[in-house]
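Worksheet for the structure shown next.
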């Protein structure tokens with residue numbers, strides 16, 4: 001769409017003649033150009049912002065020769081599209097069949113409300129999850145500490161002390177039994193020796209008896 005076509009469409013929408021539509025378009029463009037030239041910005045809510053941007057000095061290259069060329073600092077006109085304009089072009093917002101395509105304070109306010117509500121809900125949910133998980137972790141860390149500090153080592157220590165005592169008493173009993181057995185073994189040969197000695201004396205009596213008979 002060029003300027004002439006724009007004027008034709010504007011003439012139909014306004015229901016006026018072509019001269020008035022042409023004057024309206026030219027006055028709008030003239031006002032924007034003069035404001036941006038001064039350094040001001042022209043904001044049309046929902047549509048966009050016309051502004052001036054400052055570019056610093058830089059080094060560029062000539063595309064034909066390839067030589068480096070120094071570019072002086074300059075000012076460049078720029079246009080930033082508005083939120084509603086972007087939404088309509090991207091398809092996020094429906095374009096109405098009749099009436100203005102961009103309304104003042106409709107798309108922008110709705111977008112801001114959605115942006116504010118969504119992070120708030122996520123933050124509250126994250127805070128609740130953190131609050132519920134934190135005590136559980138503390139309890140999990142405390143419970144093993146108590147068990148390890150009081151019950152488990154005490155039982156093991158008692159068992160460790162009792163079992164050697166039993167083993168020692170058993171060992172003492174075994175040694176006592178062995179000692180008594182050894183004493184009995186040493187005493188038994190003495191009796192045998194005592195029994196054998198009278199056996200040697202018996203033949204002497206027999207000899208004396210034989211002598212008396214003779």
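FYI, residue positions are counted from 1 along the chain as it appears here.
Each residue, glycine too, has its Cβ placed from N, Cα and C.
Feature annotation from Swiss-Prot assigns compositional bias 'Low complexity' to 102-112.
Marked as compositional bias 'Basic residues' by Swiss-Prot: 113-214.
What Swiss-Prot records for 3 (among others) is N6-acetyllysine. Counting only same-chain residues at least 6 apart in sequence, those with a Cβ under 8 Å from the Cβ of residue 3 (N6-acetyllysine) are 25.
Note: residue 43 (phosphothreonine) has non-local neighbours 49, 50, i.e. same-chain residues 6+ apart with C-beta under 8 A of its own C-beta. Summarising the annotation, Swiss-Prot assigns phosphothreonine to 43 (among others).
What Swiss-Prot lists as phosphothreonine is 45 (among others), and the listing cites a curator's inference. According to its DSSP assignment, residue 45 (phosphothreonine) is coil.
The Cβ neighbour count for residue 72 (N6-acetyllysine), using a 10 Å radius and every protein chain shown, is 8. Annotation note: residue 72 (N6-acetyllysine) sits in a coil segment as assigned by DSSP. The N6-acetyllysine annotation in Swiss-Prot covers 72 (among others) and is backed by experimental evidence.
The N6-acetyllysine feature in Swiss-Prot is assigned to 86 (among others). Counting only residues at least six positions away in the same chain, the Cβ atoms of 92 sit under 8 Å from the Cβ of residue 86 (N6-acetyllysine).
Annotation source Swiss-Prot lists N6-acetyllysine at 103 (among others). Take the CB of residue 103 (N6-acetyllysine) and look out to 10 A: across all protein chains shown you find 13 other CB atoms.
Sequence annotations record features per position, and here Swiss-Prot assigns N6-succinyllysine to 113 (among others) based on experimental evidence.
According to Swiss-Prot, the N6-acetyllysine annotation covers 116 (among others), on the basis of experimental evidence.
Marked as N6-acetyllysine by Swiss-Prot: 133 (among others).
Under the heading N6-succinyllysine, Swiss-Prot lists 142 (among others), citing experimental evidence as support.
Among the features that Swiss-Prot reports, N6-acetyllysine is placed at 146 (among others), with the record citing experimental evidence.
Summarising the annotation, Swiss-Prot assigns N6-acetyllysine to 167 (among others).
Feature annotation from Swiss-Prot assigns region 'Disordered' to 100-214.
In this structure, the CA atom of residue 72 (N6-acetyllysine) is 41 Å away from the CA atom of residue 103 (N6-acetyllysine). Calculated from their C-alpha atoms, the gap between residue 103 (N6-acetyllysine) and residue 45 (phosphothreonine) amounts to 8 Å.
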